[in-house]
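The next block holds one structure in the form of structure tokens; read it before the comments.
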Amino acid sequence: MNFDAFLPAAIVLSSMIPGALIFFLKEESHRLRTVLNMTGALVKLVLVIWMIWGVYDGHSYETRLTLAPGIDLVLSADALSVLFVALSTLLWLVTTIYAIGYLEDSPNRSRFFGFFSLCVSATVGIALSGTLLTFVVFYEILTLATYPLVAHRGTPDAARGAKIYLAYTMGGGALLLVGAIWLQALVGPVEFTQGGILGNAPEEIRGTLVIIFFVLLGGLGVKAALVPLHGWLPQAMVAPAPVSALLHAVAVVKAGAFGIVRVVYDVYGVQFAHSNGLLFALGIIASITIIYGSLMALTQDSLKKRLAYSTVSQVSYIALGASIFGPIATIGGVVHLVHQGLMKITLFFCAGNYAEALGVHKVSEMDGVGKRMPGTSLAFTLGALGMIGIPPVAGFVSKWYLGLGAAEAGANWVLAVLVASSLLNAAYFLPILYKTWFRPTPTQWPAEHPHPGRLEIGGALLWPPLITAALALAAGLFAAAPFTPLEWASLIAEREYGR
Amino acid sequence: MITQFLYGGSGILLFLLGTWSFIVHPPLIRKLIAINVMGAGVFHTLVALAYRGLTAPADPVPHALVLTGIVVAVSATALALAFGQRLDRDHGSSADDD
Amino acid sequence: MIWLLPLAVALPLLLSGVAARPAAWWTPGLAALPALVAAFVIPLGEILSLPWILLGMHLGLDETTRLFLFFTAFLWAVGGITASEALRQDPAAGRFRVFFLLAMSGNLLLVVAQDLVSFYTGFAMMGIASYALVIHEGHRASLRAGKIYLILTLVGELALFVALVLIASQVGLMMPDAADLATLPGGVIALVILGFGIKAGLVPAHFWAPLAYPAAPIAAAAMLSGAMSKTALLGWLRFLPLGDVALPAWGTLLIFLGLVSMFYALTVGLLQSNPRVILAYSSISKAGLFVLVLGIILIDPRLAPVGTAGLVLYATHHALVKGGLFLGLGLRRPDRDPDRTQVWVLAGLVLLAVAMAGGPLTSGAIAKDALKPLLNLTDWGWLETAVMIAAVLTTLLMIRFLFTLWSFPLAARPGDHDPLDPSSTQPASLAVWAVLVGIVAIMPFVFATPGAWLTNWNILLIAFVIAWPLLDAARHHRGLFRPLQHAVPPGDLVVPLRALRIALVWSGRQALRRLARGLARPQTRLTAWIVQWFGPAPADPERSLRDWATAGLLWLVILVALLLALVLTVQNP
Amino acid sequence: MMIDLLALAVAFPLLGAVVVTATPSHARGLGLASAVLTTLTSLVLSLGVWRDGSVRSDFGGWGAPLGIGLQADGLSVAMLVMSNLVALAVSVYAGSYFSATARRHFWPLWLLLWSALNGLFLATDLFNLYVTLELLGLSAAALGALSGTRAAVAANLRYLLVGLLGSMTYLMGVALLYSRYGMLDIGLLAEVIEPGLVAWTAMALMFSGLFLKAALFPMHFWLPPAHANAPAPVSAALSALVVKAAFYLVLRLWLDLFDPVLNASVANVLGLLGAGAVIWGSWRALRAERLKLLAAYSTVAQMGYLFIAFPLLVATPPGLARDNLLAAVVLLAMTHGFAKAGFFLAAGLVQKTAGHDRINELGGAAQALPAATFAIGLAGVALIGLPPSGTFLAKWIMIEQAMIQGLWWWVVVIMLGTLLAAAYIFRVLGHAFNREPTPYRFVNDARTEIPALLLAFISAFVLGLIAQPLWTLLDQGVLG
């Protein structure tokens, strides 16, 4: 059997099979569950590294499963999908470690980790989707796999949050489905192709294609949390910290953003989208989202909600990058897919640590946590500085390329958006950092769980944020090294613009 | 020929009568009777179809059908009556009072 | 040899990782040494490429930056040793050291950077890390100063970010030369002036300085005023189109800005009673001088070579002198415990003050001399006069500064924790400070010909003529100048701005809240609707449908409909 | 060999019914044995058809043209496989579900129903179809009333009467056709039938009779109480198979018999009723208080989708697109069969554990039975039409065809139904996430939970991803 044709499927299955097995485990078989989880994560990592190497060499990997005549499920690897796959795989590994530590002794772990693995399988599936149909399939599976994670805690709040999450994502999924089928009805099976497939669409269906674009955007925008479809995101914050981390950094919002990038570049083609004004509309929506999310983040006292609105704002950088015509902005948008993931997952890990160790859930309670939990706070600081765009943390690189792309495209208003957003980011992150490091430690924390041992908190909870923060720093500091997200994004932009 | 039409026509008439009765009369027993009337109507029609004139032997197929049909109708009626009895025993009334 | 440059930048950065430990108290003192060595041994014009770092890092030195690197590294070394020694007893010293080293690394990086991104990285690192230095002592005043510093710094950095992005989109990532910059839109020039103007303390973006300098620990204040504020000049030299085209409009604007800065700062400075605030206003006035000279160069590009060299020399002089003044302030001890070293400290301070005023045989004199050729613009005859008046005012300000050395209590706020334990001696700090004063003292003999040594002696004379009666009057009538003393609080513009800020924040918050509420309403409604869906079931609506008559009738209707559908459509195909 | 298989598929359960009636003490063992035998027979038969094409056998010396014969082609085999697998799972489940006394009544009736079902799928002439239809209705009604509660008896009495009305009407239609053409075999009739008052009336009569049995909106009124009150395995069979049999008949007559007679208007009437079923059924399911009632209304809605396919079929010209559409309809019916059976079986377990099936109070039971809850979830995936279920694939094809033909209003209906389905399924699943104590293990009672789980799994994962064989199968008979 040809392994090249099996590799994409293997990458998806490497987490799906352990996930399915985990459901059947007894609740207390902790060790076996951990072994399954870690095996899946590591196997996936090895496979993905293999694939990265292959794609870099120009290999093509494609798994094709014919469902019905003319309807194929296609998993294939190109530069863009490999970027997202690598991100999800890496962060899944880290998050799994974190989740194992975070959920120690909490109920329903088999269920949790089962869905957790499915969630990543779906994300990887989204990344590797070679057709719009496949994308829709995994997009919906992702909704399914994340719902139990959001509802996991089982409190009335969680139930409410999960309901709202579901209502939004199901609605979005339906829109996406209709859009995808409509498109397929018009132009036949939609395979993602570098440069797009609609470049020479006949003149008379262009109007319909524009409408379909907005239908698709509506479907993808729900997950990407474009205003006004972002309402679920702050509500979904009821989920346990590792879930929020994964949802915000990798799985859900990224799936939406990734989909937007795919639709713009590999379905419509950036030329077509540009000449029909689609890019401009997308840019406006993204800009509004960026500013609105930042403004809302300012008003939140709950740490996780503040981070959630920050995600609303930051993820739209990706859409913004896709909406500016020119390879450099594309690099900025695509690389932010990775950079935002690294930084935001760090922030959520840290928020989880504060809640777990000290019972600190609110920004107003964070006085002096830096002294009590220096490692966590260091990671948090790096993440936050990156979000603001302070060099040399990764966020700066994204902003630089977005700005440069905008300047090259003559879209100077984007620079204004970037500046306003950076100022707002600073306005809601820097006070947290100030409290963390420079305020005196209170005599009593809201709910302290002292950790026995030398570290401020269990190693499984401390190392993941430190690792991701270090990666975020490294992604910025060594941005121009080979195989960094930036280099990879440049490769993608090169191929999309056909140079 | 006229006999055949009369026979068949009255079969259809019976069928319609039965249908009407089934729909408008709530008591179970009347519905059962209505169903059987409908059945009788269908069977009449079928039997009429079997007629091939006085000389030729009648078409055997409709006869077979009718026989089978009667068996089925009888068992259905029996089952319905059993149900009715159960309801009656439980509640003292066979009225369909759902 | 060129590898000293990355080492010079990386060493403080790496040391910051361990500096938080008490055992690493010495780190700030040593971190700047490779940079200092590099300033002397690195050959000019050679560029080291580190393509993997950032977006491709390029380091190197040219004529301008060699001097910049020298005084920057030297000041950081002196400041580092002072900080190491002074803060050994401070429980939060670890934190201070970390941020001190980060700021140092940033400052050194931006000096040696030969590409835009590295420059910006250094600039941002320096600016953000310095916030921690400003608020180190944690008083209300330092927190307030820190907040204002941080906001302005961020605004400045973002302005610079946009400017650099626009520059990069035209000329690429490497340091541009004047010819490249000449084609840029005017907006870039405005952004460059704004971005660095905040760092330099140019009026009206100056007001953070008089708040931050007194609030920060002495070593930090010395770095802010000596080393870091000079980065603004470096930025202007790098990113303004100097020497290629004449931009009279921008030049005039800069000259105007410079004059306003000089006179405003000197006037307000004279009314201050805190020596550190006085030094802050002095720095602001010098920023004004820099901008003035830059404006002149923009009007007449032929002056660029002379002007640039003069500005660099002036910056070197000012950085060392201003840093020295601050550090000297830190070495002052209360009079009640007279001691021989204090006499030397006072003597050093007086020397530095004279140098700052541009007295003969000092570095100030040669720095002024270097700028002299620029002030003879034909159309602007009065400019020389204005600068002369400013020089007189500067001298008066320095006299006022020396005067406050005695009159102003050492512990700024009685009862406050003073990180400089008044009883402790700081032998190492004293020693390096002495070296600094020595360098300032020999500067005129190294950098200039004897002709320049006596520049502006007349100005000093005029100033003394004005000052003498005033001092005399003040000595005899102690209450004479008291009404003036508190006429303008430190940070002047902050007071009206504060009201504006409060109003803005308040109304902004209101608007946000209203926006949030307005946007939340449809969402709440939607949510309520969804929740209602999931709510309890209503009474069974199918009762009537289950009624036999209804159901039967419906069934008949459908039967007929089927039949009609067949009959009618087939007959009318 | 093949001939025998056709007969055996009908005869095995019938024989089993007789044997089980005779020896009630061994009812379970014998019943299960005949269930396995029947299923095996059907599978082997299907394999044969899949490989070699459709088979036919004539019985009792009544060869064509009168035709009392059995025939297995792609369509009937597809339904046969689905029905037999579901029935087997239901049998295993029922083996441990019922008490000893209930078992005596269950097995004979159940095997009788099975026999009628297989007969219906394999019969080729209109009258045999009537007989199997009637037999199906009788046994189903009797099974439904097995729990003996008043509500169940009343509901199933109504079901019985409605079924009788339906089959009488159908028979009248058959009589009309016979009066005109003198034959009953579908294949032969199709060759001679032509548009005209007789054909039209017969068609209207037969279809409206079948609508009653298929519980097409608004003739679904009997279904929710009957299905909701029956014992769980019976509900599963009723919802998954019995109503499906009526639909199969409509489809079969539509394709094979009335093709020359019908037109777009009839199709639109069917589609309209289907749309009504989708909207109304989903809505009612959403507001249902009890789990099994919800499932029953969901059946009403799902039947609606099947009928929406008719206007699309008529609008699509013959060719690959129409073949796909037809396969999609069959796939939809099959998936629903598996999913709904799994759903009902799992719901039965939940009901048994909790002692009731009021959705809002189910939390604890749902939490205690992870496997059952999971089965409900998986079946829910198929019911909603989320990928990778067969429903998703089927809906995709249907929507695409509707888009291509410009019939976008059907798309609106389908999507609306999908969203409503998501709402009612997750309304149930939401209760599984609560703060009850964690269950110890995933599967607690393998003999009941595994069948439910397997059925649900097949509906959610197997049918959608491995649908290709269905196309091969349908090539043997139905597809152009």
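Backbone N, Cα and C atoms are what each Cβ position is placed from, and that goes for glycine too.
In TrEMBL, annotation is done automatically, which means it is predicted and not curated.
Here the domain 'NADH-Ubiquinone oxidoreductase (complex I) chain 5 N-terminal' (A:71-113) has a mean pLDDT of 90 out of 100. Taken from TrEMBL, the feature domain 'NADH-Ubiquinone oxidoreductase (complex I) chain 5 N-terminal' applies to A:71-113.
Per TrEMBL, the feature domain 'NADH:quinone oxidoreductase/Mrp antiporter transmembrane' maps to A:129-423.
Feature annotation from TrEMBL assigns transmembrane segment to A:6-25 (among others).
Taking Cβ pairs closer than 8 Å, the transmembrane segment (A:34-53) reaches residues 7-8, 10-11, 14-15, 17-19, 21-22, 25, 61, 77, 82, 85-86, 89-90, 92-93, 96-97, 100, 113, 117, 124, 483 in its own chain, all 6 or more past its ends. According to TrEMBL, the transmembrane segment annotation covers A:34-53 (among others).
What TrEMBL lists as transmembrane segment is A:73-100 (among others). Within its own chain, the transmembrane segment (A:73-100) has Cβ neighbours under 8 Å at 7-9, 11-12, 15, 34, 37-38, 41-42, 44-45, 48, 51-52, 54-55, 60-67, 112-113, 116, 120, 123-131, 133-134, 137, 191-192, 194, 240-242, 245-246, 249-251, 254, 258, 261-262, 265-266, 334, 337-338, 341-342, 345, 349, 352, 460-461, 463-465, 467-468, 471, 485, 488-489, 491-492, 495-496, counting only residues six or more beyond its boundaries.
If you look up TrEMBL, you'll see A:112-139 (among others) marked as transmembrane segment.
Annotated transmembrane segment per TrEMBL: A:165-187 (among others), in sequence order. Beyond the ends of the transmembrane segment (A:165-187), by six or more residues, the same chain brings 132-133, 135-136, 139-140, 143, 146-147, 150, 197-198, 201, 205, 208-209, 212, 215-216, 218-223, 229, 231-232, 235-236, 252, 256, 259, 267 to within a C-beta distance below 8 angstroms of the stretch.
Listed by sequence, the residues of this chain that lie at least six past the ends of the transmembrane segment (A:208-233) yet keep a Cβ under 8 A from its Cβ atoms are 139, 142, 164-165, 167-169, 171-180, 182-183, 186, 198, 201, 248, 252-253, 255-257, 259-260, 263, 268, 272-273, 276-278, 281-282, 285-286, 288-289, 292-293, 308-309, 311-312, 315-316, 318-319. Residues or ranges marked as transmembrane segment by TrEMBL: A:208-233 (among others).
Same-chain residues lying 6+ beyond the ends of the transmembrane segment (A:245-265) with a Cβ under 8 Å from its Cβ atoms: 80, 84, 87-88, 91-92, 95, 98, 116, 119-120, 122-123, 126-127, 129, 135, 139, 142, 146, 149-150, 169, 172, 176, 192, 194-196, 213, 216-217, 220-226, 233, 236, 239, 273, 278-279, 282, 307-308, 311, 315-316, 318-319, 322-323, 330, 333-334, 337, 340-342, 344-345, 348-349, 352, 496. Positions annotated as transmembrane segment by TrEMBL: A:245-265 (among others).
Look at TrEMBL and you will find A:277-295 (among others) tagged as transmembrane segment. Under 8 Å from some Cβ of the transmembrane segment (A:277-295) lie the Cβ atoms of residues 210, 213-214, 217, 221, 225-227, 230, 260, 264, 268, 270, 309-314, 316-317, 319-320, 322-325, 411, 413-414, 417, 420-421, 424-425, 427-428, all in the same chain and six or more residues away from its ends.
According to TrEMBL, the feature transmembrane segment maps to A:315-338 (among others).
According to TrEMBL, the transmembrane segment annotation covers A:378-401 (among others).
Sequence annotations record features per position, and here TrEMBL assigns transmembrane segment to A:413-434 (among others).
As annotated by TrEMBL, transmembrane segment applies to A:455-481 (among others).
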Residue distribution over DSSP helix, strand and coil in the domain 'NADH-Ubiquinone oxidoreductase (complex I) chain 5 N-terminal' (A:71-113): 29 helix, 7 strand, 7 coil
Two-stretch contact, the transmembrane segment (A:315-338) and the transmembrane segment (A:112-139), at least three Cβ pairs under 8 Å: no
Cβ contacts under 8 Å made by the transmembrane segment (A:455-481) with residues that lie 6+ beyond its boundaries: 90-91, 94-95, 97-98, 100-102, 104, 338-339, 342-343, 345-346, 349-350, 352-353, 356-357, 372-376, 378-380, 382-383, 386, 391-397, 487
Same-chain residue ranges lying at least 6 outside the transmembrane segment (A:378-401) that approach it to Cβ under 8 Å: 310, 314, 317, 321, 328-329, 331-333, 335-336, 338-340, 342-344, 346-347, 349-351, 418, 422, 425-426, 429-430, 432-433, 436-437, 465-466, 468-470, 472-473, 475-477, 479, 485-486
